[in-house]
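Copied over from TrEMBL, here are the features:
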- 20-219: domain 'G-protein coupled receptors family 2 profile 2' (DOMAIN)
- 20-43: transmembrane segment (TRANSMEM)
- 55-73: transmembrane segment (TRANSMEM)
- 79-104: transmembrane segment (TRANSMEM)
- 125-144: transmembrane segment (TRANSMEM)
- 164-187: transmembrane segment (TRANSMEM)
């Protein structure tokens, strides 16, 4: 009887096991491979392009690659409640992290305008904003809800019930708003008569602002 019960349990879990759709596999695969290739290129010529902007871009790519991998894994683990909960929590973290790295890029643009990028403390703050802030939000969300709402029988993501989804939508919307404000400030600084007089610094800030807009539109 025990063997029959175990066999039926395994078959039941296999029935619940769903493979990711072809569209999802292709989309996440192409995105991850492209970003991975970009990281490899940056690392291979790191001695020539080492900068705060390069560090931000690599970390942003890592957050997107991790998100893609978790999306694919989560599609096949909805039957495993514990694992699905962990995947949903890490997805929450990496999704927020990708937004925060876009915000960090905007902050880097502002620092380029004001000429304060050489301070090592600023570089550490970039890392704290990109990885630390999302970790804090997720930790508070998990602690407050006791992980309830992370993962559902249909998908390994935040539940639409209970308002937990606002723990992602709220911070993401705030990041978008702050990005817009910083973008306006940087643009006004670039075009103002009393703005940047150093052409190299102006070009650096302008490129950073342009790159930020591209990354933000990609989100």
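Backbone N, Cα and C define each Cβ position, glycine as well.
Note that TrEMBL annotation is computational and uncurated.
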Mean predicted confidence [pLDDT] for the domain 'G-protein coupled receptors family 2 profile 2' (20-219): 83
Candidates 55-73, 79-104, 125-144, 164-187; stretch with most C-beta pairs under 8 Å toward the transmembrane segment (20-43): 55-73
Sequence-remote partners of the transmembrane segment (125-144) [C-beta within less than 8 Å, at least six residues beyond its ends]: 52, 55-56, 59-60, 63, 89, 92-94, 96-97, 100-101, 103-104, 107-108, 150, 164, 167, 171
